[in-house]
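Engineer: Before anything else, here's the structure in question.
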Amino acid sequence: MTLPRLTAIPADIAAVTDYEPYARERLDDNAWAYIASGAGDEITHHANRGAFDALSLNARVLADVRGGSTALELFGQRFAHPIMIAPVAYQRLAHPDGELATVQAAAALEAGMMVSTLASCRLEDIARYAGAPLWFQLYIQPDRGFTRELVQRAEAAGYSALVVTVDAPIAGIRNREQRARFHLPQGISAVNLQGMRAPQPTLPPGASQVFDGLMAYAATWKDIEQLRGLTRLPLILKGILYPDDAELALAHGVDGIVVSNHGGRTLDTLPASLHALPAIAERVAGRAPLLLDGGIRRGTDVIKALALGASAVLVGRPWLYGLATAGALGVAHVLRLLRDELEVGMALTGCARLGDIGPHLIHKIKEI
Ligand SMILES: Cc1cc2nc3c(=O)[nH]c(=O)nc-3n(C[C@H](O)[C@H](O)[C@H](O)COP(=O)(O)O)c2cc1C
Ligand SMILES: CC(C)CC(=O)C(=O)O
(Lines of atoms letter the chains of each structure in order from A and count residues from 1; the text may use other names and numbers.)
(Lines give C-alpha, C1' and ligand atoms only; values in the text may rest on other atoms or scores of the structure.)
(Ligands and ions follow the chains in the order given, each with its own letter.)
Protein backbone atom coordinates (compact mmCIF):
# COMPACT_ATOMS: atom_id res chain seq x y z
CA MET A 1 0.00 0.00 0.00
CA THR A 2 1.42 3.41 -0.97
CA LEU A 3 0.39 6.69 0.64
CA PRO A 4 -1.32 9.54 -1.28
CA ARG A 5 0.71 12.49 -2.57
CA LEU A 6 0.96 15.54 -0.33
CA THR A 7 -0.68 18.83 -1.32
CA ALA A 8 1.20 20.91 1.27
CA ILE A 9 4.72 20.61 2.61
CA PRO A 10 4.90 19.51 6.27
CA ALA A 11 7.25 21.39 8.61
CA ASP A 12 9.47 18.36 9.13
CA ILE A 13 10.67 18.63 5.52
CA ALA A 14 13.37 21.22 6.12
CA ALA A 15 16.18 19.84 3.94
CA VAL A 16 16.08 18.01 0.62
CA THR A 17 17.11 14.68 2.19
CA ASP A 18 13.93 14.82 4.30
CA TYR A 19 12.02 13.94 1.13
CA GLU A 20 13.52 10.47 0.79
CA PRO A 21 11.40 8.66 3.42
CA TYR A 22 8.28 10.47 2.20
CA ALA A 23 8.99 9.33 -1.35
CA ARG A 24 9.64 5.74 -0.22
CA GLU A 25 6.15 5.59 1.36
CA ARG A 26 4.57 6.78 -1.87
CA LEU A 27 6.29 4.49 -4.35
CA ASP A 28 5.96 0.74 -4.79
CA ASP A 29 8.98 -1.56 -4.54
CA ASN A 30 9.29 -1.70 -8.33
CA ALA A 31 9.60 2.07 -8.89
CA TRP A 32 11.76 2.48 -5.79
CA ALA A 33 14.27 -0.12 -7.01
CA TYR A 34 14.77 1.83 -10.24
CA ILE A 35 14.82 5.34 -8.82
CA ALA A 36 16.86 4.95 -5.66
CA SER A 37 19.38 2.30 -6.62
CA GLY A 38 22.94 2.47 -7.87
CA ALA A 39 24.99 -0.10 -9.72
CA GLY A 40 26.57 -3.15 -8.05
CA ASP A 41 27.34 -2.62 -4.40
CA GLU A 42 26.47 1.07 -4.73
CA ILE A 43 29.99 2.05 -3.69
CA THR A 44 30.18 4.90 -6.21
CA HIS A 45 26.64 6.04 -5.35
CA HIS A 46 27.64 6.43 -1.68
CA ALA A 47 31.11 7.79 -2.53
CA ASN A 48 29.46 10.73 -4.29
CA ARG A 49 28.00 11.89 -0.97
CA GLY A 50 31.01 10.95 1.10
CA ALA A 51 33.23 13.15 -1.06
CA PHE A 52 31.17 16.25 -0.25
CA ASP A 53 30.93 15.41 3.46
CA ALA A 54 34.70 14.97 3.72
CA LEU A 55 35.43 18.54 2.56
CA SER A 56 35.22 21.51 4.91
CA LEU A 57 34.67 25.10 3.82
CA ASN A 58 36.54 28.19 4.90
CA ALA A 59 34.34 30.96 6.29
CA ARG A 60 35.11 34.59 5.40
CA VAL A 61 33.77 37.27 7.72
CA LEU A 62 32.82 40.93 7.43
CA ALA A 63 32.57 40.81 3.65
CA ASP A 64 30.03 43.17 2.08
CA VAL A 65 27.74 40.94 0.03
CA ARG A 66 24.91 43.41 -0.53
CA GLY A 67 23.57 43.22 -4.07
CA GLY A 68 24.85 39.65 -4.33
CA SER A 69 23.50 37.28 -6.93
CA THR A 70 23.63 33.63 -7.97
CA ALA A 71 23.14 34.47 -11.66
CA LEU A 72 25.37 33.09 -14.38
CA GLU A 73 25.69 32.75 -18.11
CA LEU A 74 26.46 29.46 -19.83
CA PHE A 75 26.72 28.99 -23.60
CA GLY A 76 25.23 32.47 -24.03
CA GLN A 77 22.16 31.52 -21.97
CA ARG A 78 21.20 33.26 -18.75
CA PHE A 79 20.45 31.32 -15.57
CA ALA A 80 19.20 32.75 -12.27
CA HIS A 81 21.25 30.16 -10.36
CA PRO A 82 23.61 27.26 -11.10
CA ILE A 83 21.32 24.41 -9.94
CA MET A 84 19.92 22.40 -12.85
CA ILE A 85 17.51 19.49 -13.15
CA ALA A 86 19.54 16.44 -14.28
CA PRO A 87 18.10 14.29 -17.07
CA VAL A 88 16.06 11.49 -15.52
CA ALA A 89 14.22 8.80 -17.46
CA TYR A 90 10.60 7.70 -16.98
CA GLN A 91 9.50 10.35 -14.49
CA ARG A 92 5.93 9.05 -14.58
CA LEU A 93 7.25 6.24 -12.38
CA ALA A 94 7.51 8.85 -9.63
CA HIS A 95 4.28 10.77 -10.31
CA PRO A 96 1.48 10.44 -12.90
CA ASP A 97 2.30 13.92 -14.29
CA GLY A 98 5.98 12.96 -14.69
CA GLU A 99 8.12 15.40 -16.66
CA LEU A 100 5.23 17.84 -17.07
CA ALA A 101 5.20 18.43 -13.30
CA THR A 102 8.99 18.71 -13.17
CA VAL A 103 9.23 21.28 -15.95
CA GLN A 104 6.54 23.45 -14.36
CA ALA A 105 8.48 23.47 -11.09
CA ALA A 106 11.73 24.20 -12.93
CA ALA A 107 10.04 27.12 -14.72
CA ALA A 108 8.69 28.53 -11.44
CA LEU A 109 12.12 28.29 -9.80
CA GLU A 110 14.02 29.46 -12.91
CA ALA A 111 16.05 26.24 -13.00
CA GLY A 112 17.55 24.96 -16.22
CA MET A 113 16.32 21.47 -17.04
CA MET A 114 17.64 18.57 -19.09
CA VAL A 115 15.01 16.31 -20.61
CA SER A 116 15.95 12.64 -21.05
CA THR A 117 15.70 10.77 -24.34
CA LEU A 118 13.84 8.25 -22.16
CA ALA A 119 11.28 10.79 -20.91
CA SER A 120 7.82 9.38 -20.35
CA CYS A 121 6.16 12.50 -21.84
CA ARG A 122 6.58 13.90 -25.34
CA LEU A 123 9.52 16.30 -25.62
CA GLU A 124 7.30 18.81 -27.44
CA ASP A 125 4.70 18.74 -24.63
CA ILE A 126 7.41 19.30 -22.00
CA ALA A 127 8.86 22.24 -23.97
CA ARG A 128 5.53 24.09 -23.79
CA TYR A 129 6.09 24.75 -20.08
CA ALA A 130 9.73 25.81 -20.27
CA GLY A 131 10.57 28.91 -18.23
CA ALA A 132 14.36 28.63 -18.11
CA PRO A 133 16.71 27.04 -20.65
CA LEU A 134 15.63 23.51 -21.56
CA TRP A 135 18.33 21.15 -22.84
CA PHE A 136 17.79 17.83 -24.55
CA GLN A 137 19.72 14.81 -23.25
CA LEU A 138 20.51 12.46 -26.07
CA TYR A 139 21.15 8.75 -25.92
CA ILE A 140 22.54 7.94 -29.37
CA GLN A 141 20.27 5.20 -30.68
CA PRO A 142 21.24 2.12 -32.72
CA ASP A 143 19.13 3.64 -35.50
CA ARG A 144 21.29 6.69 -36.36
CA GLY A 145 18.69 8.09 -38.77
CA PHE A 146 16.14 8.11 -35.95
CA THR A 147 18.76 9.73 -33.68
CA ARG A 148 19.20 12.56 -36.20
CA GLU A 149 15.44 13.08 -36.36
CA LEU A 150 15.26 13.19 -32.57
CA VAL A 151 17.87 15.95 -32.49
CA GLN A 152 15.93 17.86 -35.15
CA ARG A 153 12.70 17.45 -33.15
CA ALA A 154 14.43 18.81 -30.04
CA GLU A 155 15.80 21.79 -31.97
CA ALA A 156 12.39 22.51 -33.50
CA ALA A 157 10.75 22.36 -30.06
CA GLY A 158 13.14 25.03 -28.74
CA TYR A 159 15.65 23.01 -26.75
CA SER A 160 18.75 25.17 -26.47
CA ALA A 161 21.56 22.64 -25.96
CA LEU A 162 22.26 18.99 -26.66
CA VAL A 163 23.63 16.91 -23.78
CA VAL A 164 24.94 13.59 -25.05
CA THR A 165 25.25 11.03 -22.29
CA VAL A 166 28.33 8.95 -23.02
CA ASP A 167 28.73 6.83 -19.90
CA ALA A 168 25.85 4.40 -20.36
CA PRO A 169 26.12 2.67 -23.74
CA ILE A 170 24.80 -0.34 -21.84
CA ALA A 171 22.95 -0.44 -18.54
CA GLY A 172 25.09 -1.00 -15.46
CA ILE A 173 24.75 -4.06 -13.28
CA ARG A 174 21.81 -2.94 -11.18
CA ASN A 175 21.41 -5.67 -8.59
CA ARG A 176 18.71 -3.86 -6.63
CA GLU A 177 16.60 -3.65 -9.79
CA GLN A 178 17.25 -7.32 -10.55
CA ARG A 179 16.23 -8.40 -7.05
CA ALA A 180 13.00 -6.39 -7.33
CA ARG A 181 12.42 -7.72 -10.90
CA PHE A 182 12.11 -4.13 -12.07
CA HIS A 183 9.89 -3.58 -15.12
CA LEU A 184 8.23 -0.57 -16.66
CA PRO A 185 4.56 -0.65 -15.67
CA GLN A 186 1.97 -0.65 -18.42
CA GLY A 187 1.38 2.88 -19.75
CA ILE A 188 4.90 4.17 -18.98
CA SER A 189 7.40 4.08 -21.82
CA ALA A 190 10.03 6.06 -23.69
CA VAL A 191 7.38 7.78 -25.82
CA ASN A 192 9.92 9.82 -27.78
CA LEU A 193 11.43 6.63 -29.20
CA GLN A 194 8.15 5.34 -30.59
CA GLY A 195 8.48 4.10 -34.15
CA MET A 196 12.20 3.44 -33.96
CA ARG A 197 13.60 0.32 -35.57
CA ALA A 198 15.63 -1.78 -33.14
CA PRO A 199 18.19 -3.73 -35.17
CA GLN A 200 19.05 -7.10 -33.65
CA PRO A 201 22.57 -8.25 -34.46
CA THR A 202 22.74 -11.98 -35.15
CA LEU A 203 25.53 -13.38 -33.06
CA PRO A 204 27.82 -15.97 -34.62
CA PRO A 205 28.52 -18.94 -32.36
CA GLY A 206 30.97 -18.04 -29.61
CA ALA A 207 30.49 -14.28 -30.03
CA SER A 208 30.08 -12.19 -26.88
CA GLN A 209 26.58 -11.00 -25.91
CA VAL A 210 28.18 -7.82 -24.60
CA PHE A 211 30.88 -6.88 -27.13
CA ASP A 212 29.11 -8.10 -30.26
CA GLY A 213 25.49 -7.90 -29.06
CA LEU A 214 24.66 -5.07 -26.66
CA MET A 215 27.61 -2.91 -27.78
CA ALA A 216 27.24 -3.61 -31.51
CA TYR A 217 25.63 -0.22 -32.23
CA ALA A 218 27.15 1.76 -29.34
CA ALA A 219 28.27 5.31 -30.03
CA THR A 220 31.94 6.16 -30.57
CA TRP A 221 33.86 9.43 -31.02
CA LYS A 222 32.91 9.24 -34.71
CA ASP A 223 29.27 9.85 -33.68
CA ILE A 224 30.28 12.92 -31.69
CA GLU A 225 32.06 14.23 -34.78
CA GLN A 226 28.91 13.65 -36.83
CA LEU A 227 26.66 15.29 -34.24
CA ARG A 228 28.97 18.30 -34.19
CA GLY A 229 28.38 18.64 -37.90
CA LEU A 230 24.63 18.12 -37.55
CA THR A 231 23.69 20.69 -34.92
CA ARG A 232 24.51 24.30 -34.14
CA LEU A 233 23.30 23.86 -30.58
CA PRO A 234 25.90 23.84 -27.82
CA LEU A 235 27.09 20.24 -27.57
CA ILE A 236 27.80 18.93 -24.07
CA LEU A 237 29.07 15.47 -23.13
CA LYS A 238 27.71 14.03 -19.88
CA GLY A 239 29.57 11.29 -18.04
CA ILE A 240 33.24 12.16 -18.35
CA LEU A 241 35.55 11.31 -15.44
CA TYR A 242 38.97 10.95 -17.04
CA PRO A 243 41.10 13.92 -18.19
CA ASP A 244 42.13 12.27 -21.48
CA ASP A 245 38.45 11.89 -22.40
CA ALA A 246 37.88 15.55 -21.56
CA GLU A 247 40.74 16.40 -23.93
CA LEU A 248 39.24 14.22 -26.67
CA ALA A 249 35.86 15.88 -26.15
CA LEU A 250 37.39 19.30 -26.76
CA ALA A 251 39.24 17.99 -29.80
CA HIS A 252 35.85 16.91 -31.20
CA GLY A 253 34.43 20.42 -30.87
CA VAL A 254 32.39 19.83 -27.74
CA ASP A 255 31.28 23.01 -25.92
CA GLY A 256 30.91 21.69 -22.38
CA ILE A 257 31.40 18.66 -20.14
CA VAL A 258 29.35 17.19 -17.32
CA VAL A 259 31.71 15.47 -14.90
CA SER A 260 29.48 12.63 -13.76
CA ASN A 261 29.36 8.97 -12.86
CA HIS A 262 25.62 8.88 -13.62
CA GLY A 263 24.73 9.02 -9.92
CA GLY A 264 26.62 5.75 -9.38
CA ARG A 265 24.26 3.90 -11.72
CA THR A 266 26.66 2.70 -14.42
CA LEU A 267 30.04 1.22 -13.41
CA ASP A 268 30.38 0.64 -9.69
CA THR A 269 33.65 1.68 -8.01
CA LEU A 270 34.19 4.63 -10.34
CA PRO A 271 35.46 7.59 -8.31
CA ALA A 272 33.13 10.09 -6.72
CA SER A 273 32.44 12.74 -9.33
CA LEU A 274 33.69 15.47 -6.98
CA HIS A 275 37.01 13.62 -6.72
CA ALA A 276 37.29 13.42 -10.51
CA LEU A 277 36.61 17.14 -10.98
CA PRO A 278 39.95 18.80 -10.06
CA ALA A 279 42.03 16.79 -12.55
CA ILE A 280 39.55 17.51 -15.33
CA ALA A 281 39.41 21.19 -14.41
CA GLU A 282 43.19 21.31 -14.55
CA ARG A 283 43.32 19.66 -17.98
CA VAL A 284 40.48 21.68 -19.50
CA ALA A 285 41.96 24.86 -18.02
CA GLY A 286 38.95 27.06 -18.78
CA ARG A 287 38.62 26.02 -22.44
CA ALA A 288 35.02 24.88 -21.82
CA PRO A 289 32.58 25.09 -18.92
CA LEU A 290 32.40 22.08 -16.62
CA LEU A 291 29.24 20.96 -14.88
CA LEU A 292 29.12 18.34 -12.15
CA ASP A 293 26.56 15.96 -10.74
CA GLY A 294 26.33 13.11 -8.26
CA GLY A 295 25.51 13.54 -4.58
CA ILE A 296 24.51 17.22 -4.51
CA ARG A 297 22.15 17.49 -1.52
CA ARG A 298 23.05 20.85 0.07
CA GLY A 299 23.79 24.40 -0.96
CA THR A 300 27.26 23.90 0.53
CA ASP A 301 27.77 21.03 -1.95
CA VAL A 302 27.14 23.48 -4.79
CA ILE A 303 29.78 25.80 -3.33
CA LYS A 304 32.29 22.92 -3.07
CA ALA A 305 31.67 21.88 -6.67
CA LEU A 306 32.11 25.45 -7.92
CA ALA A 307 35.21 25.92 -5.75
CA LEU A 308 36.81 22.90 -7.45
CA GLY A 309 36.10 24.06 -10.99
CA ALA A 310 32.44 23.52 -11.93
CA SER A 311 30.33 26.34 -13.35
CA ALA A 312 27.01 24.72 -12.44
CA VAL A 313 25.61 21.51 -10.96
CA LEU A 314 22.92 19.00 -11.87
CA VAL A 315 20.68 17.38 -9.29
CA GLY A 316 18.93 14.03 -9.78
CA ARG A 317 17.34 12.02 -6.98
CA PRO A 318 16.46 14.88 -4.55
CA TRP A 319 13.83 16.50 -6.76
CA LEU A 320 12.68 13.06 -7.96
CA TYR A 321 11.86 12.30 -4.33
CA GLY A 322 10.11 15.68 -4.17
CA LEU A 323 8.13 14.73 -7.29
CA ALA A 324 7.11 11.39 -5.79
CA THR A 325 6.03 13.10 -2.55
CA ALA A 326 4.15 16.16 -3.76
CA GLY A 327 4.35 16.49 -7.55
CA ALA A 328 5.41 19.88 -8.94
CA LEU A 329 5.14 21.41 -5.48
CA GLY A 330 7.74 18.96 -4.14
CA VAL A 331 10.15 19.58 -7.03
CA ALA A 332 9.79 23.34 -6.61
CA HIS A 333 10.42 23.07 -2.87
CA VAL A 334 13.60 21.04 -3.41
CA LEU A 335 14.91 23.66 -5.83
CA ARG A 336 13.98 26.47 -3.44
CA LEU A 337 15.75 24.78 -0.52
CA LEU A 338 18.95 24.26 -2.50
CA ARG A 339 18.98 27.80 -3.83
CA ASP A 340 18.30 29.30 -0.39
CA GLU A 341 21.08 27.17 1.09
CA LEU A 342 23.43 28.28 -1.68
CA GLU A 343 22.71 31.94 -0.95
CA VAL A 344 23.25 31.46 2.80
CA GLY A 345 26.47 29.55 2.09
CA MET A 346 27.72 32.29 -0.22
CA ALA A 347 26.92 34.99 2.35
CA LEU A 348 28.80 33.10 5.07
CA THR A 349 31.82 32.49 2.87
CA GLY A 350 31.91 36.12 1.80
CA CYS A 351 30.90 35.55 -1.83
CA ALA A 352 28.58 38.05 -3.48
CA ARG A 353 28.84 36.36 -6.89
CA LEU A 354 29.48 32.86 -8.16
CA GLY A 355 32.77 34.13 -9.57
CA ASP A 356 33.94 34.84 -6.01
CA ILE A 357 33.78 31.11 -5.22
CA GLY A 358 37.21 29.56 -5.69
CA PRO A 359 39.62 26.96 -4.34
CA HIS A 360 40.44 29.26 -1.40
CA LEU A 361 37.11 28.22 0.11
CA ILE A 362 38.18 24.58 0.50
CA HIS A 363 39.74 24.14 3.91
CA LYS A 364 43.13 22.43 3.99
CA ILE A 365 44.41 21.09 7.28
CA LYS A 366 47.81 22.61 7.93
CA GLU A 367 50.47 19.99 8.51
CA ILE A 368 52.11 20.26 11.92
C1 LIG B 1 16.02 7.30 -11.83
C2 LIG B 1 17.14 7.92 -12.59
C3 LIG B 1 17.10 7.94 -13.98
C4 LIG B 1 18.13 8.52 -14.70
N5 LIG B 1 18.01 8.63 -16.05
C6 LIG B 1 18.98 9.24 -16.75
C7 LIG B 1 18.84 9.45 -18.14
O8 LIG B 1 17.85 9.10 -18.75
N9 LIG B 1 19.87 10.06 -18.81
C10 LIG B 1 21.00 10.48 -18.16
O11 LIG B 1 21.90 11.03 -18.79
N12 LIG B 1 21.14 10.33 -16.82
C13 LIG B 1 20.15 9.73 -16.11
N14 LIG B 1 20.28 9.62 -14.77
C15 LIG B 1 21.48 10.18 -14.09
C16 LIG B 1 21.25 11.65 -13.69
O17 LIG B 1 21.15 12.48 -14.81
C18 LIG B 1 22.37 12.19 -12.80
O19 LIG B 1 23.60 11.97 -13.45
C20 LIG B 1 22.41 11.58 -11.40
O21 LIG B 1 21.11 11.28 -10.93
C22 LIG B 1 23.09 12.55 -10.46
O23 LIG B 1 23.22 12.00 -9.20
P24 LIG B 1 22.22 12.32 -7.98
O25 LIG B 1 20.99 11.50 -8.20
O26 LIG B 1 23.02 11.86 -6.79
O27 LIG B 1 21.94 13.80 -7.94
C28 LIG B 1 19.25 9.05 -14.02
C29 LIG B 1 19.29 9.04 -12.62
C30 LIG B 1 18.25 8.49 -11.91
C31 LIG B 1 18.31 8.51 -10.41
C1 LIG C 1 18.45 2.82 -19.51
C2 LIG C 1 19.27 3.56 -18.48
C3 LIG C 1 20.72 3.63 -18.86
C4 LIG C 1 18.62 4.90 -18.25
C5 LIG C 1 19.35 5.72 -17.29
O6 LIG C 1 20.05 6.61 -17.67
C7 LIG C 1 19.30 5.41 -15.87
O8 LIG C 1 18.41 4.66 -15.44
O9 LIG C 1 20.16 5.91 -15.12
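The backbone N, Cα and C atoms fix where each Cβ goes, and this holds for glycine too.
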Engineer: Given that TrEMBL assigns Pro87, Val88, Ala89, Ser116, Gln137, Lys238, Asp293, Gly294, Gly295, Ile296, Arg297, Gly316, Arg317 to the FMN site, pick the one from Thr165, Thr202, Thr349 that the record assigns to that site as well.
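Structural biologist: Looking at Thr165, Thr202, Thr349, the one TrEMBL places in the FMN site next to Pro87, Val88, Ala89, Ser116, Gln137, Lys238, Asp293, Gly294, Gly295, Ile296, Arg297, Gly316, Arg317 is Thr165.
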Engineer: According to TrEMBL, Tyr139, Arg174, Ser260, His262, Arg265 bind glyoxylate; so which of Tyr34, Tyr90, Tyr321 is the extra one listed there?
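Structural biologist: The record-listed residue among the candidates is Tyr34.
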Engineer: Which has the fewest other CB atoms in a 10 Å radius around its CB: Pro87, Gly294, Gly316, the listed binding-site residues?
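Structural biologist: Looking at the binding-site residues Pro87, Gly294, Gly316, the Cβ with the fewest others within 10 Å is that of Gly316.
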Engineer: For the binding-site residues Ser260, Gly294, Ile296, which sit with their CB under 6 angstroms from an atom of ligand 2?
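Structural biologist: If the test is a Cβ under 6 Å from any atom of ligand 2, the answer is none.
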Engineer: Of Pro87, Ala89, Tyr139, Arg174, listed as binding-site residues, which ones have a Cβ less than 6 Å away from ligand 1?
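Structural biologist: Close enough to ligand 1 are Pro87, Ala89.
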Engineer: Which residue, out of the binding-site residues Gln137, Ser260, shows the minimum number of other Cβ atoms inside 10 Å of its Cβ in this structure?
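Structural biologist: Ranked by other Cβ atoms within 10 Å, the binding-site residues Gln137, Ser260 bottom out at Gln137.
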Engineer: Name the one residue among Pro87, Ala89, Gly294, Gly316 whose Cα is closest in three-dimensional space to that of Tyr34 (glyoxylate binding site); these are the binding-site residues.
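Structural biologist: Out of the listed candidates, the nearest Cα belongs to Ala89.
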